[in-house]
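One structure below.
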Amino acid sequence: MGCICKMFGTVVVGVGIAGLARIQDLMNPMPSSPSEHLKLFGFVSRRSFGNINDAKQISLEDALRSKDIHAAFISTENRSHEETIRMFLEAGKHVLVEYPMALSAKAAHELWEMAEHKDKILHVEHIELLTEEYKQLKKEVAGKDLVKGTLHFTGSVLDENKSGFPAFSGIARLTWLIDLFGDLTVTSATREKQKDKNYSRMTVHFNTANKKPLTWIEERGPGMRREKKINFCFTSGCLENFPEAPRSSVGLFMQDQNLFAKKLLGQVSKEELAAEKWRILRCLDLAELIQQYCEEPEKIYS
C-alpha cells in the first residue's frame, strides 16, 4: 500500500455502545486497510470519563476548533444527530453518522446540501447492508420476480423521545426493502400503541414499481426478542428463512469505517456515491411520509 501519507484526525462524539465500538476500531485499524489513514484524537461526551483506553476526552468546542481534527464520528442518540452534524459541517469537518442521519426528511436534505456546498464527505452508517446474512439474502433475491413480501421486525422498547418515530429508528428495515426491491410507494401505514403495556406496532404497506405489494411490520414491546422474519414470494417460490451465512472475519463497524476512509481518500466512484445518496434520502423521505400516515391520516386521505 506504500506510505500512509494522508492522515485524517478523527473525534468520536457520543460514547454509547456504537461510540465505544468506534473508539475501539479507530484505535485498532485493520492492517493495510483504508482505516489506517484515520487517527483518533479523542472523544466528546456529556458524561465525564477522563480517558477510555488511551483515548482522551476533549470538549465539543475543542473538537470543533481543532485543526488536527478533520472528521467526526457521530454516535449520539438519534434526536441530536441533526444538530451535531450541522455543527461539524459548519466547522469544516467530514462527518460519519450512525443511522438515521436525522429525524426529518427536510433536515436530511439540508444537511446533505450543506456537505456538498462545503465539499465535505457526509457518510451515514448502514451496517445492516454489510451483514453476511443480508449479503446472502441479496444474492438469493437477485433476478427473481417478486409477487408479494413481508419483513417483520421485533425488538425491545425504545425511548421515542431519543430515538424518534419507529419509521426513523427502524430505517434499517426500510433500507433493506429499497435495496432489495428498488423504489417503493407507500400505500398505507398505521400504528397501534398500548401505552400501559409499552407496546408499539407499526404496519406499512408499499407497492414496488411493478405494483407488487410489500409489508413492513416494526413491533416493539417489553421482553420482545430482537429478530427479523421474512416471507418473500416470487414467481419461482417463497423464501421464508434467511439463507445460511458464514461469519464475517471483519466487524461491521470496521467495514463501515473502511468505507468512510475510502471516501475520504477519493476511492469511491461518483456513481456509487450518487446511488448511496439517493437511497439514504429516499428512505428518509419515505420514513417521514409513513410518520404522517400514522399520525395525521386525515391530511393524506382528505
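Placed from the backbone N, Cα and C atoms, the Cβ positions cover glycine too.
According to TrEMBL, the domain 'Gfo/Idh/MocA-like oxidoreductase N-terminal' annotation covers 9-126. Residues annotated as NADP(+) binding site in TrEMBL: Val15, Gly16, Ile17, Ala18, Ser45, Arg46, Arg47, Tyr99. The domain 'Biliverdin reductase catalytic' annotation in TrEMBL covers 134-246. According to TrEMBL, the feature Zn(2+) binding site maps to Cys283, Cys294.
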Discussion item. Using a 10 Å cut-off on CB atoms, tell me which of the binding-site residues Arg46, Arg47 is the least crowded.
Written reply: Arg47
Worksheet item: Among Val15, Gly16, Ile17, Ala18, Ser45, Arg46, Arg47, Tyr99, which the record lists as binding NADP(+), how far apart in Å are the two most distant Cα atoms?
Response: 22
Practice prompt. For Ile17 (NADP(+) binding site) and Cys283 (Zn(2+) binding site), determine the Cα separation and express it in whole Å.
Written response: 24
Worksheet item: Any idea which of the binding-site residues Val15, Ile17, Ala18, Cys283, Cys294 has the thinnest Cβ neighbourhood at 10 Å?
Response: Ile17
Worksheet entry | Inter-residue Cα distance where the pair is Tyr99 (NADP(+) binding site) and Cys294 (Zn(2+) binding site), in Å | 21
Worksheet item: So for Ser45 (NADP(+) binding site), how many other CB atoms are inside 10 Å of its CB?
Response: 18
Item to complete: Measuring CB to CB from Tyr99 (NADP(+) binding site), give everything in the same chain under 8 Å that is also at least six residues away in sequence.
Response: Val124, Glu125, His126, Ile171, Ala172, Thr175
Fill in: Integer Cα-Cα distance in angstrom, Arg47 (NADP(+) binding site) to Cys283 (Zn(2+) binding site)
32
Worksheet, complete the sentence: If you measure between the CA atoms of Arg46 (NADP(+) binding site) and Cys283 (Zn(2+) binding site) and round to the nearest Å, you get 30
Worksheet, complete the sentence: Row Gly16 (NADP(+) binding site), column other C-beta within 10 angstroms, all chains, value 13
Worksheet item: So how many of the residues in the domain 'Biliverdin reductase catalytic' (134-246) end up helix, strand or coil by DSSP?
Response: 30 helix, 50 strand, 33 coil
